[in-house]
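K.L.:
If you scroll down you'll find the structure; I have some questions about it.
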Amino acid sequence: MKMKLIATALAAAVTAAPAMADLVFPSLSYRTGPYAAGGIPFADGYADYFTLLNERDGGIGGEKIQMPECETAYNTEKGVECYESTKGMGSLVYQPLSTGITYQLIPKVTADGIPMLTSGLGRTSAKNGAVFPWVFNFPANYWDGASVAVKHILDQEGGDISGKKIALVYHNSAYGKEPIRTLEELSKKHGYELSLIPVDHPGQEQKSQWLQIRRDRPDYVIMYGWGVMNQVAIQEAVNIRFPMDKFIGIWWSGSENDVKPAGDGANGYKALTFHNLGSDYPLYDDLKAHVFDKGLAAGAGDQHGTAIYNRGLYAAMLVAEAAKTAQEIHGTSQITPAMMRDGMEALEMTEEKMTALGLPKFGPEFTVSCENHGGNGFAAIGQWDASAGEWKLITDYMQSDQDIVQPLIEADSMAYADEAGITPACN
Amino acid sequence: MFYREAGDFKTSYEEDSQTFPIKFDRYRYYFVLAFAFAVVPFVINDYWVNAIFMPFLIYSIAAIGLNILVGYCGQVSLGTGGFMAVGAYAVYKLMTAFPEVNIIFHVIAAGGITAIVGVLFGLPSLRIKGFYLAVATLAAQFFLVWLFNRVPWFYNHSASGQINAPERTVFGVEVTGPNTEAWATYLFCLVFTLICAILARNLTRGVQGRKWMAIRDMDIAAEIIGVDPLRAKLSAFAVSSFFVGIAGALFFAVYLGAVEVGEAFGINKSFLVLFMVIIGGLGSIFGSFAGAAFLVLLPVLLKNTLVGGLGWPTDLASHLEFMIVGALIIAFLIAEPHGLAQLWRVAKEKLRLWPFPH
């Protein structure tokens, strides 16, 4: 007992020492490894937005922002090392951009009392804030993505897809397996036939998977891929002449880096998105004036305006707005992780807010509450125009099938609550 | 001067055949143990335990296990990652199926289950040798990872295929789950590492180890002098897999807490542990520790110096890290092909003669 006391006292002394005065938003990024193609633009966008706030506004509410970066290489062991090395700095919120690391960190952030935001990734059932008080996944999650993709297919087929064949090509990991349950439920409802085609990490070799697709001839292919897997899959799809407009990727399979290697063949490839694309926003003028032209851009500075760079901006914007909300609620600019959590739970994203930030119509409107940590599940479909070299939104934002998704979230989060011994509570 | 056996008289066979016959060695060993048990737990924090000590201790167990197979018995194996996965999934199934049983028994049982699986995949070693055996164990690696991904029973039908370690205690102190104290998980792993190392050391010094080494050096000659290759090879697979299974169980339950088989126990893990054994020194328990330390601590050290100390960009630092570690591996192996353990042995020889070399 005495030993424990001394140990905890020492641990407290060591970890409490480097408390910084600034707002700390650590970035667990990956600029190396097979997933760097997605990791670099996101990390650049995340960093540039905070640099802009520091340069233009002097931080958030007068407090400067610090963004210690730590390289995870999408590897869970390095992710743990990064989390442990940054959590003592007074980190306010984590965005690991890796479903594997997210699963790792959910129990840890809950024990340490630091919020985590996993926009469009992570554990879908974290939407239930009664079970996951420290984890947020607004504005959309994997199951929303699967449901919106099926909705789009319904639209394409005039509302009837019974007897159609849909294949899911997925990264054989927690991330790729997430949508399976949803797609199975939806297949019961709409009567399509679902086939599952896993691709193992890192996904550089997919010949057999696409041979299977060529043999089975599914009507549509939905892909949950990431990193180098996307490029290979799109190239293979081009090779077997699969119709590109019937090939729909999740938002993590929809970056310029994924389609460009396949050249003109990738024309017409579709991908979901939960935020807008392109660089035609007033915010980019500010970025240019305060960040790019001053030579402060993160990384090589060649990712501006790409889909995942925009997602990095969007992710940083969401936590910055949550921090502002937290400062308003608690009446102090020096917020703690616990206050940050309150700010995230009270976050309201409205059109006026986004317009004022220079990002009109950039993302969906949503309100976070304890019961709903995940937004309303709106997503749109973008299509790749190879000749213009850009993504174009071809649909409006559509809401996922809440009748299917919501009960699944309820069931999965309750199963977790049982397993981890949590009593769900909203106060 | 300090380090020599002159004047260190032994009066019984037990004394003469102890693990550390030289007094200085023995005291150094006691000192390391005392430091590890009585000092480190008081000063350790979450970062040190999760980033440095736990991976080091757990990889040491895995390296000891693989060293028994590759270093002592001469059977090349590339299935370490798969066997670690067996340990991890075994401990997960046991922890969730029998929550009332203490985790210590679960970890040991997980080692036992891995030993059985190891023997099964060791059967081909009776017919094939060398590189061909390496390929056969490679099949074990891929098959086991595929199996744990494919059959939902192993991950209790969870939607994501992840396994999560529930909270378990030893003597009322939590050692798994999120609310653990740094010193508790450290001591838990340290005890397992120490017992495994003592076990392995004494196994390899005794009859069993000599049989393994006879098989390694020349299997036909060994058979002629009466070593049964079937029992020697399969026992090496069993003992090796037992240790690797314990390492896998601790890796999942205590260190990471949540694991996904393809990412955590892929072929990279097999290579990593094999490199530890080769760099540390084949056929040496100390070498297993040295190799694990080299490959676990050096990247963390480099990262902290380059990013934390010099403030370099993380991607540049991480690319440099690959180059530096790679270059050091090559340099070490050119300078001393028998690994860090041999360097240590040479240093000891020099120390014995110091300060009056011939």
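Counting begins at 1 with the first residue displayed.
From the backbone N, Cα and C atoms, a Cβ is placed for every residue, glycine too.
Copied straight from TrEMBL:
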type	residues	note
TRANSMEM	B:27-44	transmembrane segment
TRANSMEM	B:50-69	transmembrane segment
TRANSMEM	B:76-95	transmembrane segment
TRANSMEM	B:101-123	transmembrane segment
TRANSMEM	B:130-148	transmembrane segment
TRANSMEM	B:183-200	transmembrane segment
TRANSMEM	B:236-259	transmembrane segment
TRANSMEM	B:271-302	transmembrane segment
TRANSMEM	B:322-344	transmembrane segment
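Please situate the listed features within the shown structure.
P.N.:
The list of residues near the transmembrane segment (B:27-44) in space but at least 6 beyond its ends in sequence, with Cβ under 8 angstroms from a Cβ of it, reads 19-20, 53, 182-183, 186-187, 190, 194.
Below 8 angstroms of C-beta separation, residues 40, 44, 75, 77, 80, 84, 182, 185-186, 189-190, 192-193, 196-197, 200, 203-204, 212, 236-237, 239-244, 246-248, 250-251, 254-255, 272-274, 276-277, 280, 282-285, 287-289, 291-293, 295-297, 300 of the same chain, each at least six residues beyond the ends of the transmembrane segment (B:50-69), sit close to that stretch.
Counting only same-chain residues 6+ beyond the ends of the transmembrane segment (B:101-123), those with a CB under 8 A from a CB of the stretch are 75, 79, 83, 86-88, 90-91, 94-95, 136-137, 140, 144, 168-170, 175-176, 192, 233-234, 236-246, 248-250, 253.
Cβ atoms under 8 Å from those of the transmembrane segment (B:130-148) belong to residues 75-83, 85-86, 89, 117, 121, 124, 154-155, 261-262, 265-267, 270 of the same chain, restricted to positions at least 6 beyond its ends.
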K.L.:
So which residues does the transmembrane segment (B:183-200) touch in its own chain, when a touch means Cβ under 8 Å and the partner is 6 or more beyond its ends?
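P.N.:
For the transmembrane segment (B:183-200), the far contacts come to 33, 36-37, 40-42, 44, 49, 53-54, 57-58, 60-61, 64-65, 67-68, 107, 170, 173-176, 239, 243, 246, 250, 254-255, 285, 289.
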